[in-house]
Amino acid sequence: MTATETAPVDSTALPDRAESVDERQPLAELFRDLRTSPSGLSERETARRRLVYGANELTRRGGRRWPRELLDQFTQPLAILLAVAAVLAWVGGTPALSIAVVAVILLNAGFAFVQEMQAERAVEALAAFLPATALVVRDGVRGEVKARDLVPGDVLIVAEGDRVSADARIIDGDVLLDLSSLTGESLPVSRSAQAAAEAGSLLEAHDLVFSGSTCTGGEATTVVTRTGMHTELGRIAALSQRVTTERSPLERQVRRATWIIAVVAVAMGAAFLPAGLAAGLGWTAAISFSIGLIVANVPEGLLPTITLALAAGVRELARHGAVVKRLSAVETLGSTTVICTDKTGTLTENRMRVTRLWLTGQEIDATAPATANDPRARARVLASAAAACTTAEAPSDSQPHGTGDPTELALLRLADELGVPTTPAERKKNRRAVFHFDARLKRMSTLDTGGDAVGDGDAATVHTKGALETVLPGCNRFLDADGAAQTLNAEARLALQQAQDRYAASGLRVLAVAQRALEPGQSIPDDREDAESGLTLIGLVAMADPPRKGVADAVARAHQAGMRIHVVTGDYGPTAAEIARQIGIGGKNGRIVTGAELDRLTDAELDAVLSGDGEIVFARTSPEAKLRICEALRARGEVVAMTGDGVNDAPALRHADIGVAMGRSGTDVAREAATMVLTDDDFATIVVAVDAGRRVFDNVRKFVLYIFAHAVPEVVPFLVFALSGGAVPLPLSVLQILAVDLGTETLPALALGREPAEPGLMDRPPRSRTAGVIDRALLFRAWALLGSVSAALVMGAFFFTLWRAGWHSGDPTGGGTPLHHAYLQATTITFAGIVACQIGTAFAARTDRASLFTIGLRSNPLLLWGIAFELVFTAAVIYAPPAQHVFGTAALSPAQLAVIAPFPVIVWGVDELVRWFRRSRTAPVAVPVPDRLVPSVST
Ligand code: ATP
C-alpha cells in the first residue's frame, strides 16, 4: 500500500502542542494536521519545528542528586567506624585527636564524593560517543539524522534492528515490534499500515509504533506524531537514562578485603589497649593510640580510588573507539581468553566491490574497463536483477556514501557501471513486495514490475539473491551460454559450485542471483517459499572485501597475549577461511565448522572441538549458533568477547562476558544488548580494549600495593613501644600517622592508577577469571618486602637519632627532660622516614615484573607531582611552627635529613633486586601462538 497523498506542506499553521494531534484519525487528516506529506518536511521546516517542540529526548527527572550522594559518603560503614573512634577520642579526653579523626572523615568523604562524581560523569559522557540516529525522508530524500533532531511530521523509516526514536503512525509496510520496554510484554507484536482502526489503549493500536520499542523484523515508513517527553515512553516512564554503575567484581573483592583489613585494624587497636596500659601509658594515651592504629590502617580511600581508575579506563577506551557501558567491563576485558568475531566489517573493511561475474561459459572481470566489443550484455541482466533486489540507496549529493547494506551498494554500483542504473524512485515505483534479507535463510527477494526480464506490461518478476546454497534449492533452471533458460542439471550445479569455490579461495564473497517472471495476470505470491521457488539462476557475483588495515597486527598481538580468535560468520567457509588466513587466524590446527555441521554436533562433541588449541572458522552460522558457541566456551571457563550486529545476535551479546556491537554498521538492538560498542567497528579496537583492561587491573594492584605497604612502618613503632614495656618511647605520634594518611599518601596513590602500561603486558597469558586483585604475592610484596624494609629503616633512624643524643633504654624523654627535644626529633625522623620510604615504594610499585629503567623515571608525571606535593606537605609539618605544635614535630638538621635521604633508593632498590631475581628465574612467559600461514583449513 502506498501513502496517502496530501496537500503541500504549509509551514505556518503548526499545531501548538504535539498532544493535540490525534494519531488515530484517517491518514489524510493526520497528514493535514501535522502539516506534512509522504515526501517529508523540508530542512527549514524541521529547524523551525525543533524550536517549537524542542529536542527529541527525555529529560531526566529527580532533580539534583549530589546532596544525597555526598551524604551517602558519611553513612558508609567505614566512615561510621571512624565516627565512633572520634566520639571515643572526645570522651577519652583527647579532643585534638577527635578533631583530627573528624578531619579524616571529612576529607575522605570529600575525596570519595569527587571521585565517584567524576566516575559517573565519565560514564554518562559516553552517550555522546553513541548518538542515536534515525533514517528519515526530508525534501523527498532519504537520509540519516540524529534521533534528537526528529520533529512531529518527520517521515521516519523503521527497519529491522532499529530502536524507534519517536511515536509514529505507520503509513506503509509492516514491522514486528518489541514493546517490552513499554508494556513489559516480551513477545514481539505485529504492526502494519493496513491495520483496522480499533478502540483500546494507544499502545494496542495496530498501526502505531512507539519510542523506546525496537523493530525486530520488517520495514515500515511512518510519520512521526510525538517526540521527546510527549511520547508514551516520556509519559509512562519519565525515565532517567542513567547508565548502570553497579559494583564490579573487582570493587566487590576490594570491598571485602577492605572489611577484612578494617576488622584486623580494630582487633589490633583493641589489643594495643592492654599492651599500652601494661607498658605504662595512662588510659587516655592508650585509648588514643588504639584509635590512631585503627585510623591508620583502615583503607578508607581504596574503593573510590578503584572506581575512579575504572572510570578513567572507560574514558580512555571511549577515546580509542570502544564505548563500554559498565565500569566492570573494563576489568573483564583484561581477562578475556577468547574472542569470537564476525568477519564482515569487523575483520574486513565492509567496503565491497564486485570484482568477478560468473555466467555459464563466461567469466567477466568487473574491474576491467569496458571495451568496444563488450561481451557484457548478459552481465547486464545479472546486474540489473541483482540491483532490483536491493533496498540500499546509492551515493548521492546528500548521502555521499549511500545508505544501506554495503553488499547491496556494491551491486548498485555494478549496475551503474554496466549502464543499467537503478534509481530509488524507479525501484520503488516497480516494487510490489519485498522479502527482506534473513540472516537464517541468507537470501532476499523482491517482486517487481518492469525491468529486463519482464515481457509484458504489469506482470511481475521475482528477483532473488543470496548464498548459493540457499538460492539453488529454489531454482529449477539456469541461463545457459546463450542466455536461454535450461533445466538445472548436475553439470550446471557442479560448475556453479566450482566457480564459488574458486572465488572463495581468494577470499571473495559470492552471491547467486536468480529470477522468475510471473505470468501476466498471475497473482503476487504472499508466501515467501512460494515466491522463492521455480527460479532461474542467472549467475554469480563475486565481491572483494579486503581485510582492514591493522587487523593482522592486532591478531598477532592477541595471539601474543594468549588469546584465541574464532571467526563466527554468516559467510561461506572457504571465503572466511581465506580472509582469516590472510590476517593470521587459523593456523595449523584451524578448521572450518559449518552451521549445518554445528547443528549436528552434540554438546560433548562441540566441547571437544573447542578444547583443541586451534582456531575455528564457524561459517554459514545462524544467530543461534553464536549463543551456543558462547555457552560452550563459557562452560569451559573461558572469558568470551563476542561480536554481533544483528537483532538475532542480541542473546549471544548478552550472554558473552563482553558482548561487542558495532557502532556504525550494527543495529540499535545489538548496541543495546552489548557491553561494549566499537565506534569504528574495528577488530583491532577489541585488542586495544583488552590491553587497556589489563592495564587498569594492573594499576589497581599497584596502588593497593602502595597503600598496603605503608601499614607496616606505621604499626611496628607501636609494637616496639608495647613490646619493650615502655622502655622505648613511642617512636611515632598518632597525629603524625594521620598526617601520613591524610597528607602524603593520597596523591601518589591516585597517580599510580594512571600508570602507563608495563612492558610485556600483552605478552602474558590472560589473567585467570578467579585470580583476585589482592593475592598472596601482592601481600608478601607489600608487607614482607616493602613494608618490612621501610619499618627497619625508620626504626633504625629513630634509634640512631636518640642514641646520638645520648639516650639509653629506659631513659625518660617526656616534656621537661633533657632528652625531650631529641625525642621530638626522633619521632619526626620516623615520620619523615615513612614519607621517604613511601616515595621508594611508589617507584617500586610502578612495575610488577619489569625494571623501573625500562619504563623510565619520568614516564608518569602525575606521580612526580604527587611526590612533590608530598614533600612540600612533609616540610610544612616539620618546619612550620604551628604544625610543629599540632603534630609534635621538631625541625630536623641537614645531617638528620641526610640519614633519611637514601631511604627511597634503598626501598626501591631492594624491590628492584627482587624483581630482577624473579625475572632471571622465570623464563619469559611462553604463549602458544598459532602458526600464521597454513595453506589449507580442513573442512
Ligand atoms: P558476518 O557474519 O561475518 O558479518 P556476513 O555479512 O557474510 O558475515 P551475513 O550478513 O549473515 O554474514 O550474510 C551471510 C550470507 O548471506 C552472505 O555470505 C551472502 O551470501 C548473503 N547475503 C549477505 N547480504 C545479503 C543481502 N543483502 N542480500 C542477499 N544475500 C545476502
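Glycine too: its Cβ is placed from the backbone N, Cα and C atoms.
Each residue in the domain 'Cation-transporting P-type ATPase N-terminal' (21-94) has a pLDDT score, and their mean in this model is 81. Residues or ranges marked as domain 'Cation-transporting P-type ATPase N-terminal' in TrEMBL: 21-94.
What TrEMBL records for 1-24 is region 'Disordered'.
Residues annotated as transmembrane segment in TrEMBL: 70-90 (among others).
Summarising the annotation, TrEMBL assigns transmembrane segment to 96-114 (among others).
TrEMBL lists 257-279 (among others) with the feature transmembrane segment. Sequence-distant contacts of the transmembrane segment (257-279) (same chain, six or more residues past either end, CB-CB distance under 8 Å): 77-78, 81, 285-287, 289-291, 293-294, 296-299, 302-303, 715, 718, 721-726, 773-774.
Annotated transmembrane segment per TrEMBL: 285-311 (among others), in sequence order.
For 778-802 (among others), the entry in TrEMBL reads transmembrane segment. For the transmembrane segment (778-802), same-chain residues at least 6 beyond its ends with a Cβ under 8 Å from one of its own Cβ atoms are 701, 704-705, 708-713, 716-717, 720, 729, 731, 813, 819, 822-823, 825-827, 829-830, 833-834, 837-838, 840-841, 844-845, 896, 899-900, 903, 906-907, 910-911, 914.
Summarising the annotation, TrEMBL assigns transmembrane segment to 822-841 (among others). A Cβ distance under 8 Å defines the sequence-distant neighbours of the transmembrane segment (822-841), meaning residues of its chain 6+ beyond its ends; these are 705-706, 709-710, 713-714, 717, 729-733, 736, 739-740, 744-745, 748, 786, 789-790, 793-795, 797-799, 801-802, 804-807, 813, 867, 870-871, 874, 877-878, 887-892, 896-897, 899-901, 903-909, 911.
Taken from TrEMBL, the feature transmembrane segment applies to 862-880 (among others).
Feature annotation from TrEMBL assigns transmembrane segment to 886-910 (among others). Long-range Cβ contacts of the transmembrane segment (886-910) within its own chain (Cβ-Cβ under 8 Å, at least 6 residues beyond either end) map to 96, 733, 735-736, 739, 785-786, 789-790, 793-794, 797, 800-801, 821, 824-825, 827-829, 831-833, 836-837, 839-841, 843-844, 852, 877-879.
Beyond the ends of the transmembrane segment (285-311), by six or more residues, the same chain brings 78-79, 81-82, 85, 88-89, 92, 94, 97, 101, 104, 108, 111-112, 115-116, 118-120, 122-123, 248, 250-251, 254-255, 258, 261-262, 264-266, 268-270, 272-273, 276-277, 327-328, 330-331, 696, 699-700, 703-704, 707-708, 711, 714-715, 718, 730, 734, 737-738, 740-741, 746, 749-750, 753-754 to within a C-beta distance below 8 angstroms of the stretch. Beyond the ends of the transmembrane segment (70-90), by six or more residues, the same chain brings 97-98, 101-102, 104-105, 108-110, 112-113, 258-259, 262, 266, 287-288, 291, 294-295, 298, 300 to within a C-beta distance below 8 angstroms of the stretch. When DSSP labels each residue, the domain 'Cation-transporting P-type ATPase N-terminal' (21-94) comes out as 43 helix, 1 strand, 30 coil, counted as helix, strand and coil in that order.
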